[in-house]
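This report concerns only the one structure given below.
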Amino acid sequence: MIIKRLNFSCRLFSTASTSTSYEKTPIQPATKCLQLAVIGAPNVGKSLLTNSLIRCPLSAVSSKMDTTTRNISASICSDSTQLVFVDSPGAVSTSHVRQTMKKTSATSGDRVLQDPERALQRAQHVLVVQDSTAPGAYIHHRVLHMLHRYSHVPSILVMNKIDLVMRRSDLLPLVEILTNGQLSDNQQISTKPAQIGRLGKSLSTNIQSSSSFKPSDEKWQSQFRELIQKPTWKCSYSETRSLFRTICGWSGFERVFFVSSLNGEGIDELRDHLMSISPQGEWKMQDGMPTGESAQQLCIDSIRAAVLDTTPSDVAYTVQIRISEWEEQGEVLQIVGEIRCQKPRDGSLIIGKGGKRISEIGRRVNEHLHSLFQRQLYARLIVTHNGKLITQSK
């Protein structure tokens, strides 16, 4: 195994207006910084949204749930202002972590469960990401629980994936439900009758929002007081689902933004707004380096995302990935990534007939890393079981 600790600086995005090194430039009183938590249900596009906001493909993304398994900090600087985003895992249950993600040990699953709330603990603002095409008009009950626990932190509702919505007018009545018909400044949201739901599919309107739901039942009030004192990850999935089963929205949103993280629609407006509300403060991250993550960890994330996108879930979630070689050869960074499988047949499945699947995984990884690091590199992937190399599909 060869891993050299190189002075490897990923040439990631940096705005042109900040031309000098952050380390060489003392913090000025006029600098501004806003720390944001990006939270939401699984697979709503939190990572792609973060990438779009920082103009860098930092977080690995895939079409599968649970691509992000820990908090990832990312930043962007413009003039004297820095935005620091914490992209968090989707809010899931303990059983999901064990059964779907195949994380059976307490330590391996802890970050998936706890990191969404950890992202909120130091946040000055919250971005709640909602899939505009998702069936059902409600904010996920785990997200609602966190919003109630951190109600003192200002929040923004981000309606993502609007490029997939056939009729944009459908979004207004949906947002009315998700915001309880108003924003935190008591501004009313006016709408007209329209169908809502996945791509225009009509949805039953016998829904009760939390603004009209005023529980008088002492049992409910007692349950609320008890659960709101506990971190979300310490509440069972059934507890939060039962608590918020008739509550669909959150009245505390300051603003609502409609965006497409895929094609960039609405992203500039959201970023500009966040820049405009940033308070004075010292920058938290180095200018020109939008993350504190190591290059090796970003490579592992990229390989995992490519495996998730190309391999059946029952195999993809069980593999372990490590970097076995990371070495400069001239101007080219040579990387060897090892995909460790639980069973030999899993390795054969990942390699695919004639090596087609592993070739596709490698193509995706190299394409992403080249875009991320902006330098010459080559990532070679090997598949192993119990330390033995699997060379072909059987």
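Positions of Cβ are set from backbone N, Cα and C atoms, glycine also.
What Swiss-Prot annotates here:
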{"type": "BINDING", "residues": "40-47, 87-91, 160-163", "note": "GTP binding site"}
{"type": "DOMAIN", "residues": "32-280", "note": "domain 'Era-type G'"}
{"type": "REGION", "residues": "40-47", "note": "region 'G1'"}
{"type": "REGION", "residues": "66-70", "note": "region 'G2'"}
{"type": "REGION", "residues": "87-90", "note": "region 'G3'"}
{"type": "REGION", "residues": "160-163", "note": "region 'G4'"}
Three-state secondary structure, which DSSP defines for GLY40 (GTP binding site): strand
Long-range environment of the region 'G3' (87-90) - Cβ separation under 8 angstroms, sequence gap at least 6: 37-44, 46-47, 50, 59, 65-66, 68-74, 111-112, 115-116, 118-119
Per-residue pLDDT averaged over the domain 'Era-type G' (32-280), given as an integer: 86
Cβ-based isolation winner (fewest other Cβ atoms within 10 Å) among the binding-site residues ALA91, ILE162: ILE162
Fewest-neighbour residue among binding-site residues, criterion Cβ within 10 Å, set ASN43, SER88: ASN43
Assigned element (helix, strand, coil) containing ILE162 (GTP binding site), judged by DSSP: helix
Cβ neighbours of LYS46 (GTP binding site) where a neighbour is any other Cβ within 10 Å: 30
Around the Cβ of GLY40 (GTP binding site), the count of other Cβ atoms that are within 10 Å: 25
Residues in the region 'G3' (87-90) grouped by DSSP into helix, strand and remaining coil: 0 helix, 1 strand, 3 coil
DSSP-assigned states of the region 'G2' (66-70) in counts, ordered helix, strand, coil: 0 helix, 0 strand, 5 coil
Three-state secondary structure, ALA91 (GTP binding site) (per DSSP): coil
